Amino acid sequence: MDPSSAGAGGNSLASASCGDAQKRRVCYFYDPEVGNYYYGQGHPMKPHRVRMTHALLAHYGLLAPAKMEVLRPLPARGIDLCRFHSDDYVAFLRAVTPETQLGQVRALRRFNIGPDCPVFDGLYAYCQTYAGASVGAAVKLNHGTHDIAINWSGGLHHAKKSEASGFCYVNDIVLAILELLKLHERVLYIDIDIHHGDGVEEAFYTTNRVMTVSFHKFGDYFPGTGDIRDIGYSEGKYYCLNVPLDDGIDDDSYQSIFKPIISKVMEMYRPGAVVLQCGADSLSGDRLGCFNLSGKGHAECVKFMRSFNVPLLLLGGGGYTIRNVARCWCYETGVALGEELQEKLPYNEYYEYFGPEYSLYVAASNMENRNTNKQLEEIKCNILDNLSKLQHAPSVQFQERIPETKLPEPDEDQEDPDERHDPDSDMVLDDHKPTGHSARSLIHNIGVKREITETETKDQHGKRLTTEHKGPEPMAEDLGSSKQAPTADANAVAVNAPGNARNEPGSSPK
């Protein structure tokens with residue numbers, strides 16, 4: 001890392017180079033079927049955006065073997081998903097269909113399946129696909145043959161151990177981090193989605209082997225968590241950082257707080273690997289978002305993390321103006337590769353989505369920035385003060401490095417995809433063996449954050465420990481209980497059905 005870059009503004013990617021000229025070994029996971037999954041008419045989440053991203057990458061020439069290794073992921077098996085999620089929740093996801101859901105009202109309520117997280121055709125296969133890609137990417141990083149691994153279909157950070165949330169069913173991020181922890185003593189998770197990364201934070205709230213850092217809109221906004229006072233609990237105290245932001249934050253303001261905080265985190269925590277969730281709903285003009293980042297400002301976070309030369313996993317996340325999402329993730333793939341891409345988009349099968357400007361760059365608007373310099377400075381000082389109290393995570397026994405082989409293609413003759421075995425990944429557990437000690441010790445306390453009571457946050461003399469603040473648990477009737485905005489923009493481009501594009505009336509960026 002170049003320390004002098006820590007104070008640079010969010011528009012520095014406007015220069016003709018990516019700053020760090022050193023090439024990185026990059027692998028990219030993509031399943032051609034992912035764009036076919038469809039949440040339903042009018043739903044903001046559209047997996048088709050991943051297919052649009054892939055098309056841009058292809059026409060920019062970034063899929064060539066000389067640029068990066070392109071891999072089709074193996075679907076995650078049920079037992080793999082259960083490394084984090086509960087058995088009954090995974091069994092429900094596997095069994096439920098649009099036709100059978102009407103008879104399972106109690107289970108739907110129990111697992112938080114509804115308007116935000118609907119049942120749709122191929123739901124379980126969709127979860128297997130994006131989770132398998134994230135875990136496969138983590139395996140590649142553990143092998144040491146790649147410096148950066150990318151899965152734009154992943155990053156679904158709201159899913160909990162036993163429930164869906166915020167368009168997310170399976171938390172592929174937690175599964176990927178558990179994989180990385182097999183080799184790395186400490187893993188850093190950074191979230192630049194506009195929504196708080198609550199599912200990942202909750203999963204690792206009581207451990208010091210994972211540090212979570214979330215930059216998000218805070219207030220009457222989904223999911224309603226992510227208070228700056230939420231700092232972790234027990235062994236995880238001070239290993240959880242929340243950076244609450246207000247509407248309209250622009251590139252320069254964002255980088256003025258992102259770079260100093262992350263620089264200090266990297267100095268104090270010294271992670272063996274970094275997971276960066278690149279939710280694109282923090283871009284200007286997002287259908288559900290209220291930030292004002294340009295595409296270059298968003299990508300500056302990727303560029304900055306790349307400069308540390310630590311194994312880096314790039315994941316997708318939110319993003320609901322899909323022409324912006326595709327351009328953002330294409331641009332960030334170029335940043336990961338150290339490739340400068342021309343501004344004018346090459347002609348591709350989705351070219352009409354990107355008019356009238358047909359530019360790779362997502363521009364910021366003139367919306368008001370409600371984040372004052374004073375507010376940002378106070379937040380930064382608070383976070384840096386918490387970081388000053390850090391102690392390095394204790395050493396753990398390292399596993400022997402896994403020998404590198406090609407990730408095998410799925411066996412199409414095997415009828416049940418949940419029984420396919422990936423010999424390249426030690427992530428796949430034997431059905432008849434108990435979960436390994438390291439995974440068990442990390443996940444047995446998952447859910448502790450939710451169960452912390454006021455009496456548990458008092459010391460032995462009865463004095464309340466206000467530093468161990470527990471953020472609000474949003475109820476169904478709360479303002480922030482649904483991720484879907486009540487209004488949308490008539491100019492937003494959306495997908496009506498898989499592979500069938502049209503303009504969706506009644507949807508607009510805030």
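Each residue, glycine too, has its Cβ placed from N, Cα and C.
Sequence annotations record features per position, and here Swiss-Prot assigns region 'Histone deacetylase' to 24-338 based on a curator's inference.
Residue environment of His158 (active site, proton donor/acceptor) contains 29 other Cβ atoms, counted within 10 Å of its Cβ in all protein chains. The active site, proton donor/acceptor annotation in Swiss-Prot covers His158.
Feature annotation from Swiss-Prot assigns Zn(2+) binding site to Asp193, His195, Asp281; the stated evidence is similarity to another entry. Within the same chain, the residues at least 6 positions away from Asp281 (Zn(2+) binding site) whose Cβ sits under 8 Å from its Cβ are Asp193, Ile194, His195, Arg287, Leu288, Gly289, Phe291, Gly317, Gly318, Gly319, Tyr320, listed in sequence order. Taken residue by residue with DSSP, Asp281 (Zn(2+) binding site) is part of a helix.
According to Swiss-Prot, the feature region 'Disordered' maps to 394-510.
Positions annotated as compositional bias 'Low complexity' by Swiss-Prot: 485-503.
Residue environment of Asp193 (Zn(2+) binding site) contains 26 other Cβ atoms, counted within 10 Å of its Cβ in all protein chains. Compute the center of the Cβ atoms of Asp193, His195, Asp281, which mark the site for Zn(2+); besides them, the chain residues with Cβ within 8 Å of that center are Ile194, His216, Lys217, Gly279, Ser282, Leu288, Gly289, Gly317, Gly318, Gly319.
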